[in-house]
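Peer 1: Positions annotated as region 'Disordered' by TrEMBL: 1-118. Residues or ranges marked as compositional bias 'Pro residues' in TrEMBL: 33-46. According to TrEMBL, the compositional bias 'Polar residues' annotation covers 50-62. The feature compositional bias 'Low complexity' is assigned by TrEMBL to 102-117. Positions annotated as domain 'Zinc finger Sec23/Sec24-type' by TrEMBL: 188-226. Residues annotated as domain 'Sec23/Sec24 trunk' in TrEMBL: 270-496. Look at TrEMBL and you will find 619-715 tagged as domain 'Sec23/Sec24 helical'.
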Amino acid sequence: MADQPNFPAGYSVGITPSTPEAHSRSRPDTKLTPPPFTPPPGPRFAPPALQTNLSPQLSLSANGIRPGSSPHLSTPPGPPVFSSPVQPAAVPFRTSPATPQPVAYSAVPSLSASPPSNFSDGANEFQRQVLSDTEDMVSLSDAPNVLLSARKVLKQKKLMNVPSLGFGALVSPGREVLLGPQIIQRDPHRCQNCGAYANLYCNILLGSGQWQCVICRNLNGSEGEYIASSKEELLNLPELAFPMVDFVQTGNRRPGFVPVSDSRSSAPIVLVVDDCLDEPHLQHLQSSLHAFLDSLSPTTRIGIVTYGRTVSVYDLSEGSVASADLLPGNVSPNQESLKQLVYGTGVYLSPIHASLPVAHSIFSSLRPYKMNLPEASRDRCMGAAIEVALAVIQGPSGEISQGVVKKPGGSSRVIVCAGGPNTYGPGSIPHSFTHPNYAHMEKTALKWMENLGREAHRRNTLIDILCAGTCPVRVPILQPLVKASGGILILHDDFGEAFGVNLQRASTRAAGSHGLMEIRCSDDITVSQVIGPGEEANTDNHEAFKNDNSVSVQMLSVEETQCFAVSMETHGNLKSDYVYFQFGILFSNLYQADITRVITVRLPTVDSISAYLDSVQDEVAAVLIAKRSLLRARNFSDAVEVRKTVDERIKDITNRFGSQMPKSKMYQFPKELSYLPELLFHLRRGPLLGSILGHEDERSVLRDIFLNASFDLSLRMVAPRCLMHREGGTFEELPAHDLVMQSDAAVVLDHGTDVFIWLGAELAAQEGRSAAALAACRTLAEELTEMRFPAPRILAFKEGSSQARYFVSRLIPAHKDPPYEQEARFPQLRTLSTEERTKLKSSFIHFDEPSFCEWMRSLKVLAPEPS
């Protein structure tokens, strides 16, 4: 690992699914049980389009995106209600690894960073429970914002720093937490030596109120606040009773601060719409835009800008008439033209309740592209349009009321609906790769886009780009723009329902601003690398605290589902019985309150290698390994090399922690990490590193989404989750092996950004049963991904169809294994007769790639027995 922390920039993604997928997952000998389907309260987003393929034709465009002509699959009314959760398997086997258990403690749910109307008193009884200094807190629950790859730390530096396994944490700084008593409306107490925060693990002198820092051992004063007669009395202070607390400041301490009651009404959204679409794409886009308008809160302020060869800024004060001001698209708008625009008589930002009719008329007035030019060659001045959108959001720079400059709460958003590349005006690239000056223009465009993204971030505005259609959009040119602003880039098959869902979810993502994360570790533990939607921060804390060795990360935005992968290592053998990790997150929330969120974790240190391996959380370790690996896979040739490093990683872990088999030169992978090899096998053959995706743009976008995704979405993108439909509308979770493809069954495969529904041929031939099973599968898919962002595409197909390859290619080809290995990982096969086994095997689509067990044997490593 590098000596200095590495901070690759990125952007945030992913809304946490509505199901308790990651936090109520069963232990290894039980089943994951999705809840019964119940419609959520209030309005919900339309589900992504459920597409089906009943023909053998597989159509891929130049960038691997399917055209939007696939028919929609009709389903019968009233899908069956889940009368019971997912049923447990008849034979115990590991279907989904146990949820990694966080490592500090809290007896009540954590709380929201937003100022509550009142404080709950439900934890008083808990606060009176005193924990002795020797009590092991690791077994207790903590705040879910931090997941560590192991719940214990090895004292030996040489083994703890084994790079093939590594040690680290997944930190979700902006994850929403429930209301509770951990909100503190005052400044935190900080160590005067290193800057760490007082926490529940500090030693406190009751008579004087002094507390000892767990990071540097310095003794600090508390201005008398920690003077108490007993430890029980100290537990009434939230920061001394809970591992995660929020210090909230709502006072007017910042210049220009004006508190608002609802930030969504003050942080505007400007839609920037491609005006160069053909009629089929435009019809789908108009439908999605109309649905988007109807989904908005009445107080949401909205602006509309379209672009082609010119930029059109629509006036929302014209009743039901679509009226726009035009600006040239070949150059950046000058200050004079922008001044005339924002100081003119038009209204370019308006609450949706006052402008809904005219907004609908604007979208209805859009017309398809008329000139006879290929999609990729049409003039699109996207860069100039985004500049205009930023000016519209900023408005008159001198908007002053009684000497106070009004600032919107939360982050404003520019959402670009693009159907092709930026080929005209600032930040553009030539239509053709054969242009004699293409290389220079591409380099100039990349730099211009990055600067525009940084300017948007400076103005507290996020830029999301939602692309769709069959025209390549030149993803590498757009990525610096969204990354630098803290936004996201998503590719869609078309402008249909899935695009519309992501449009709605992009607009409603809560985003804080001015985020900073400080990471402090005790003893000789240091941070070696940070991966996520941020960059290295230049702060003044190191001057305020003379021995502040924290690693500071500037967060480009603060959103619920962002995640940072933090790698750590030790610089020497550990001597303490415990080590401490503290994460201080400072940001302004949606209500313009200043939040200081402090999360403190304590882990015990051990000498036993077995005890350490037992504490390793397979899923968290796999996600950390995957993020470190994907960071190096910038193109497909890099991905091929990274797959080789995954192989070497397995061999190295086996050599260091595995055991040699009797009378054999083979080593067995450590049984304590039994699920890790299969997760890494999914990683190397799946869409992140494998060759499943057809175009480099798709792989690049998927990699960026993954590097910033939450733990839940990241895990699903690494390893798919497989659920088989059972009679009565229930589902059983099974290993993601191709042995699930039984002709009389329906299967749902959740792979994070894609959800596939596969119908066996025998089931598909029974019209009534197949319709009911399909409806139940679609209902489950919608429930699992109800709040996920990006919203996945949902594809349905039957056995033997061309699109079934999407499904088969993501399953481990276990049919190539001998029967005893198949039964070890898929015990249900024991109930099949020889005739049924033969029939099952004949239905497979064969691929040349190895099975999991074959891959392990090729590495001269024996796979561990499944848990």
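Placement of Cβ uses the backbone N, Cα and C atoms for every residue, glycine included.
Curation plays no part in TrEMBL annotations; they are all automatic predictions.
Note that the structure is a prediction, hence the values are computed from the model and not measured.
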Peer 1: Which residues, given as numbers and ranges, are at least 6 beyond the ends of the domain 'Zinc finger Sec23/Sec24-type' (188-226) yet have a Cβ under 8 Å from it?
Peer 2: 104, 234, 237, 239-243, 247, 518, 520-522, 541, 544-550, 578, 580, 582, 584, 596, 598, 600, 602
Peer 1: According to DSSP, how is the domain 'Zinc finger Sec23/Sec24-type' (188-226) divided among helix, strand and coil residues?
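Peer 2: The breakdown for the domain 'Zinc finger Sec23/Sec24-type' (188-226) reads 0 helix, 8 strand, 31 coil.
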Peer 1: Averaged over the domain 'Sec23/Sec24 trunk' (270-496), what pLDDT does the predicted model reach?
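Peer 2: Its mean pLDDT is 88.
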Peer 1: Under DSSP, the domain 'Sec23/Sec24 helical' (619-715) has how many residues in helix, strand and coil?
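Peer 2: Summed over the domain 'Sec23/Sec24 helical' (619-715), the classes give 65 helix, 4 strand, 28 coil.
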